[in-house]
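Student: Take this structure first; my questions come after.
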Amino acid sequence: MSIPAQALGETVDKGSNLAGLSGRLRVMTYKLVLLRHGQSAWNKTNQFTGWVDVPLTEQGEAEAKRGGELLKEKNVLPDIVFTSLLRRAINTANIALDAADRLWIPVQRDWRLNERHYGALQGKNKTEIRQEYGDEKFMLWRRSYATPPPEIDPNDQYAQNHDPRYAGDPVPEAECLANVVERVKPYFESAIEPELRAGKTVLIAAHGNSLRAIVKMLDNLSEDEIAKVNIPTAIPLLYELDENFKPVKPRGEYLDPEAAAAGAAAVAAQGQK
């Protein structure tokens with residue numbers, strides 16, 4: 001008995017029969033690529049950035065280009081891109097898409113993919129904060145899941161209260177990672193998940209903490225587990241998700257694992273004396 005190749009998503013050669021079908025079912029997976037922005041000006045100077053809209057460095061632009069080249073080399077070509085309202089993520093997306101010959105695909109931008117708001121720490125040097133407040137408080141503010149840093153003064157030069165891009169939207173005065181999950185999760189479910197379920201390969205070009213929020217959601221990580229996750233700049237992280245939206249490979253797969261390991265170690269070391 002012949003089975004149409006299109007039926008039920010099975011991969012079936014012409015002339016095959018039911019007896020030969022076992023073990024040859026094609027499992028439907030959804031492809032999601034996470035891409036942290038390339039090195040920013042404040043990554044280079046070791047400052048807490050948060051919602052401050054700093055540009056990429058030349059190195060960051062080169063990293064973004066290499067990220068796009070990896071997408072093309074590995075044939076992981078996005079159909080749609082989601083990014084934040086911050087130029088370091090927007091420009092990373094544009095540079096990577098250009099390198100992958102996908103600059104023409106649609107892009108959606110939303111503040112809910114912004115970096116975590118670092119409150120009064122925004123603009124401060126990480127090493128100096130660690131020296132002033134000690135290792136314990138520094139790590140609590142930087143990596144605790146539920147403890148935000150001190151709130152920023154609304155009149156601070158690095159506050160966003162009067163930024164026109166957030167008109168009508170709530171502007172935080174400080175966030176912990178739990179707050180980032182609270183804003184990212186509903187946006188992911190309402191805007192991003194439908195595109196994945198439609199069979200599109202989705203690229204999210206965002207920030208260390210908004211991407212960590214997504215990793216926590218996808219892998220169902222504990223607070224302690226997510227505290228140890230460091231996402232390197234501009235190296236695509238591919239997640240293939242099954243029909244239940246569970247990762248086929250836990251923690252996903254970097255398209256350049258060796259460079260990703262080195263980059264993650266560098267992120268973990270930020271603020272060291």
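Just so it is clear, glycine is given a Cβ too, placed from its N, Cα and C backbone atoms.
This is the feature table in TrEMBL:
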ACT_SITE  His37  active site, tele-phosphohistidine intermediate
ACT_SITE  Glu115  active site, proton donor/acceptor
BINDING   36-43, 49-50, Arg88, 115-118, Lys126, 142-143, 208-209  substrate binding site
SITE      His207  site 'Transition state stabilizer'
Student: Among all protein chains shown, how many Cβ atoms are found within 10 Å of the Cβ of Lys126 (substrate binding site), not counting that one?
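Tutor: Taking every protein chain into account, the count is 18.
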Student: Looking at the binding-site residues Gly50, Arg116, Lys126, Gly208, which ones sit with their CA no more than 10 Å from the CA of His37 (active site, tele-phosphohistidine intermediate)?
Tutor: Gly208
Student: Just jot down the residues in the same chain as Gly50 (substrate binding site), at least 6 apart in sequence, with C-beta under 8 A of its C-beta; none if empty.
Tutor: Glu115, Arg116, His117, Tyr118, Gly119, Leu121, Gln122, Tyr158
Student: Take the Cβ of Gln39 (substrate binding site) and count every other Cβ within 10 Å, whichever protein chain it belongs to.
Tutor: 23
Student: Given a separation of at least six residues and a C-beta threshold under 8 Å, show me what packs close to His207 (site 'Transition state stabilizer') in the same chain.
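Tutor: Once residues fewer than 6 apart are set aside, His207 (site 'Transition state stabilizer') is near Arg36, His37, Ser84, Leu86, Arg88, Ala89, Leu113, Asn114, Glu115, Arg116.
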